[in-house]
């Protein structure tokens with residue numbers, strides 16, 4: 001196997017070597033209470049955004065900051081009220097990380113398992129909006145939301161998620177050294193909030209973080225004024241390279257978070273994402289679009305699986321699955337070899353950082369301490385495996401009671417496939433910070449609707465979508481939180497327990513808040529505030545799925561097979577060719593992300609890596625010392641802006657200006 005890739009920036013330093021609280025002390029009633037309040041807030045915000053614009057920003061950074069302020073306010077209020085004994089033990093960075101983990105676990109259910117996209121796709125209003133005469137849209141395929149079945153369904157499908165690949169946390173965080181940009185930024189922010197800002201390198205990093213966090217927040221606030229109503233205005237739609245390139249999503253959208261991802265991720269990841277943008281949006285999609293009317297009807301919507309959208313989703317997923325499954329098999333082969341040899345060996349894994357500096361002894365000691373703590377309070381493998389099997393067995397029996405259309409053997413298939421899919425999604429999130437759980441959910445929707453057929457396939461597909469989304473999303477969130485915990489010296493055992501507590505809270509809070517929206521507002525009204533834009537899309541996808549793979553456009557499956565094999569071959573080449581060659585071979589998983597998201601994501605990350613490359617050429621030591629702090633500041637500032645942005649949206653305050661562009665020849 002080839003030597004590991006060189007990281008683009010030095011890893012952030014851990015907190016100073018103070019005595020660490022035991023894992024039990026990192027879990028507090030105060031923390032659970034704060035997480036419940038914060039999780040409820042996240043559920044409301046996510047449901048609100050999902051029902052209006054359908055776009056959900058990353059909220060882990062904002063959650064870490066809010067957890068700090070809420071817990072600090074708790075202790076301050078107790079002191080003011082003379083309840084000193086209620087202040088409890090000191091508020092540590094470990095408790096802050098655990099609270100953030102719990103709150104995200106609760107709030108993410110509003111995005112995944114209890115998503116309004118697939119739940120409202122089952123209701124009568126969406127059935128009527130699609131049209132009673134729409135082929136395949138049957139009155140029998142209606143299931144209106146109610147607290148009873150939603151809460152029960154959440155407990156059945158959500159608690160199992162954290163068990164799926166928790167035993168691979170060492171592979172993700174330590175062996176692969178995946179960046180998890182959002183988790184790294186959150187950890188650096190938490191460390192800065194709890195650290196001492198003495199005039200040393202750590203203090204200067206904190207000042208750098210605060211500086212760029214303020215700049216990023218200010219820029220996001222400034223951009224908001226020009227973003228108008230909808231998603232077609234503002235700097236996010238700036239045709240940087242011209243109108244024609246903009247039509248193919250080639251533009252720089254001035255998103256500080258994406259530039260931060262480029263600064264914090266290895267160069268090979270950023271270049272792979274950009275290469276994927278060029279291949280897909282520069283050549284592949286324009287070529288397929290020219291076949292409209294031949295390969296597929298040319299009058300389809302942008303979200304119809306029977307058209308160009310089908311190519312985008314299935315080809316992207318084929319590459320992701322090819323890369324993910326290759327690495328999953330590779331990991332298991334390495335583990336099996338170690339067991340057979342009865343001794344531990346070092347293995348070369350993708351995107352692993354090398355410390356080539358002669359003065360890196362302190363960083364080596366820091367990483368050694370981080371690793372020791374991360375491996376100290378482990379989650380037993382027998383517990384993870386048995387927990388997954390027991391919960392899967394219970395769910396396999398109980399889910400068909402709620403959704404008779406989804407037979408027990410189909411539920412079993414879901415749980416058989418879920419760990420492999422969860423690994424692929426977590427691996428991709430570690431590279432690019434994008435959670436593609438909704439994409440995997442759409443694939444599950446299509447596949448299981450086709451397996452069931454016209455008699456109940458719509459409801460079965462939508463329910464299977466919820467099962468897969470819940471497991472895949474919670475697993476990726478947990479792995480990202482493990483990265484934060486690794487950098488804040490938090491116990492993985494306390495984080496796993498807090499994840500389970502957060503999921504349990506979310507199983508009640510997410511359905512309750514969604515049901516409140518359902519009862520208080522006219523959900524799905526095309527002319528109203530809460531249009532639920534994805535509900536109709538998901539129902540139509542399920543209806544199309546009933547036809548099976550025959551509904552896909554011409555040559556779609558053949559092209560998918562080619563890209564799946566290409567992903568396997570590229571990974572194999574990286575493992576067999578010499579290091580001086582393999583380090584230039586792109587990563588298929590990273591290449592696949594812009595296939596579906598858009599080329600602008602690759603452009604933004606590539607600009608980030610160009611900045612870092614130039615910085616390293618000018619002053620390598622300064623770049624290694626401050627790149628992660630700058631990147632984290634950019635990510636944190638944009639993430640924190642999501643809080644006031646969501647509040648303004650909830651209050652119905654729209655940006656005053658819509659800045660848009662058109663060709664000069666069209667000017668009047």
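Glycine is treated like the rest: Cβ placed from N, Cα and C.
These numbers come from a predicted model, not from an experiment.
Feature annotations, courtesy of Swiss-Prot:
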type	residues	note
COMPBIAS	1-11	compositional bias 'Low complexity'
COMPBIAS	12-22	compositional bias 'Pro residues'
REGION	1-22	region 'Disordered'
TRANSMEM	27-47	transmembrane segment
TRANSMEM	51-71	transmembrane segment
TRANSMEM	102-122	transmembrane segment
TRANSMEM	147-167	transmembrane segment
TRANSMEM	209-229	transmembrane segment
TRANSMEM	268-288	transmembrane segment
TRANSMEM	315-335	transmembrane segment
TRANSMEM	383-403	transmembrane segment
TRANSMEM	410-430	transmembrane segment
TRANSMEM	443-463	transmembrane segment
TRANSMEM	557-577	transmembrane segment
TRANSMEM	595-615	transmembrane segment
Which range out of 27-47, 147-167, 443-463 gives the transmembrane segment (102-122) the most CB pairs under 8 Å?
27-47
Counting only residues 6 or more past its boundaries, what in the same chain has a CB within less than 8 Å of a CB in the transmembrane segment (147-167)?
105, 109, 113-114, 119, 379, 381, 384-385, 387-388, 391-392, 394-395, 398-399, 402-403, 415, 418-419, 422-423, 426, 463, 466-467, 470-475, 478-479, 496, 499-500, 503-504, 506-508, 510-512, 514-515
Residue list, the transmembrane segment (383-403) vs rest of chain: Cβ under 8 Å, 6 or more residues beyond ends.
143, 149, 152-153, 156-157, 159-160, 163-164, 166-167, 411-412, 415, 419, 459-460, 463, 467
Other than its close neighbours in sequence, what residues sit by the transmembrane segment (410-430), given a CB gap under 8 Å and a spacing of at least six beyond its ends?
160-161, 164-165, 168, 172, 176, 178-180, 320-321, 323-325, 327-328, 388, 392, 395-396, 399-400, 436-437, 440, 444, 448, 451-452, 460, 464, 467-468, 471-473, 475-476, 479-480, 483, 589-590, 592-593
